[in-house]
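Enquirer: Mind having a look at this structure? Questions to follow.
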């Protein structure tokens, strides 16, 4: 019989949150095991640890060790703690660079060489950010708590003019999640090609981060999530409807490991956060606003518009309203100490790397310094936060393209993550690049171009210096003149100003399209054109009103609308005026009615007020929260009449003390995925 001292070992190894009957410990640290033994066995005991399909000492997936007087920092070792007439307690320690995963532990008495080893059982070994010898060592304990042990997160979204956020349940300690994470590794392409070699590399967070960035998306390897950016999510769940990773990972396993439908960037990033935190690698989600997808690697993003102002799908490049990726914390022995620390990983399938859809780890310091020649995928990540933007007018009949304007300060703004120990936003833009517009920032951009061989190469698609230097005669902008809420009319003002001292005649073609958050147009909402003559230095304002009835049927679940005015100045260059608008859903409110105590029922009320003048139907409330309820609660809510209030009550029985987060998602036929969360002190 084996006593794994589950409670004491879990406490010492920061693994108490796992709901498992199996021992889960961290590498580079001792754990205690007691087993039955008769006689005086401690003199001649040999232990064997093995992991993977064909364990070998050479691959460091097998170790054989006897009892020694002190723990070794370099290899597996065992120290005798105590003996009684029929049992022995041993302290076993693994090296800080041991392979992680599920191990089998056996013991053998050396006096009778012929005896086969007795299997004591299995345990799981994880990375150890609390141990100074580990590649993932994180000296700040509060950061370890947040980036490894915290199951609740906040993800930032919206756009650069209007940042919003929602809660997410990472749930890395939920039942069976650890097993699912381990089976992800065993389903990777690397493992399928060469299991023994793959397992022997599982001591390296760089390797695992890269493999898992591929496994979280379904491309290439039947991974966890299938991406869909079409605006049509039939045959699956809309990406904005998820509230946590647990359901996604459980569904993947339940379906026999068929990709779960559907994900978009924040879902890929949230699931990767869950998996890496579960395995012990400190990880967080990062949101980059106005994020470039540079498909051709020239650190430039080209956008094309026709004469009517429609955003054309001519380029593989794009600028997303926001994009979410991950940062994981580990050292880079392959690059040197100055590149250690936060590393960018991105599981969203955007471009292939090494022939498959994976991205990173790219050292954040390398991105900031323009060292884009370093592994892995630095040019792509550098472009996401730094690319220059070119806006072109494209004439379909002649194939002629004309540069309208270029901007080097649009991309990579308000780079955001959740604060440590608080539900606030922290801006980390300065960690990705020097101040926008500063000489240093431009020097780094030139350095990156040079390293990629772009400085010396003639690019026929690039604008000429003359095109870049041309000055427009007028300027324009869209001003918001009312609430940005789903259910209300959208009021904007197009402001045009003549910059010259002679009159200018301008023909304005305006369009409004609903888009997904990647700014891909989905449905046309409005098309208009006006002509106006501006006196010298005159400013004119045109009010634009898009009614709720006009956009309601055409809105995507992202609630985003792109308005564009293409201004053709007689005798001058064209001017593009554009704004991306994110509309807010109406609010929902959570009230906890009474004090939340362990194993005691407490009532919760969710209140929704219908802001529009028609009844909403097909109302569903979805609730989840670690340690507050098991699984996901789904409640059908009766239809809510125009301007009326709906109240839904349900009961919780919390099973752990401390601050817990309750996440709520409300949907109906007119509003998709209204999210909120509440902190409940149990």
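Here, residue 1 is simply the first one shown, and the rest follow in order.
Glycine residues also receive a Cβ, built from the backbone N, Cα and C atoms like all the rest.
TrEMBL annotations: computationally assigned, not manually curated.
So TrEMBL lists these for the protein:
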DOMAIN    257-349  domain 'Transglutaminase-like'
ACT_SITE  265  active site
ACT_SITE  323  active site
ACT_SITE  346  active site
BINDING   386, 388, 436, 441  Ca(2+) binding site
Enquirer: Could you measure between residue 388 (Ca(2+) binding site) and residue 265 (active site) for me? Cα positions, answer in whole angstrom.
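Expert: The Cα atom of residue 388 (Ca(2+) binding site) is 22 Å away from the Cα atom of residue 265 (active site).
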Enquirer: Counting across all protein chains shown, how many other Cβ atoms sit within 10 Å of the Cβ of residue 388 (Ca(2+) binding site)?
Expert: 23
Enquirer: For residue 386 (Ca(2+) binding site) and residue 265 (active site), determine the Cα separation and express it in whole Å.
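Expert: About 19 Å separate the Cα atoms of these two residues.
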Enquirer: Under 8 Å between C-beta atoms and at least six apart in sequence, can you list the same-chain neighbours of residue 265 (active site), or say none if there are none?
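Expert: Spatial neighbours, sequence-distant, of residue 265 (active site): 320, 323, 324, 325, 348.
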Enquirer: Determine the mean pLDDT over the domain 'Transglutaminase-like' (257-349), rounding to the nearest whole number.
Expert: 96
Enquirer: Could you state the whole-number distance in Å separating the C-alpha atoms of residue 436 (Ca(2+) binding site) and residue 346 (active site)?
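Expert: Just about 24 Å between their Cα atoms.
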Enquirer: Do you know which of the recorded positions 346, 436, 441 has the most other C-beta atoms within 10 angstroms of its C-beta?
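Expert: Neighbour-count leader: 346.
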Enquirer: Once the chains shown are all counted, how many other Cβ atoms turn up within 10 Å of the Cβ of residue 323 (active site)?
Expert: 27
Enquirer: Taking 8 Å from the centroid of the Cβ atoms of 386, 388, 436, 441 as the cut-off, which other residues in that chain fall inside it around the Ca(2+) site?
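Expert: Leaving out the recorded residues gives 385, 387, 408, 409, 411, 412, 433, 437, 442, 445.
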Enquirer: Please spell out the DSSP helix, strand and coil residue counts for the domain 'Transglutaminase-like' (257-349).
Expert: 18 helix, 41 strand, 34 coil
Enquirer: At the level of the C-alpha atoms, what whole-angstrom distance separates residue 441 (Ca(2+) binding site) and residue 346 (active site)?
Expert: 24
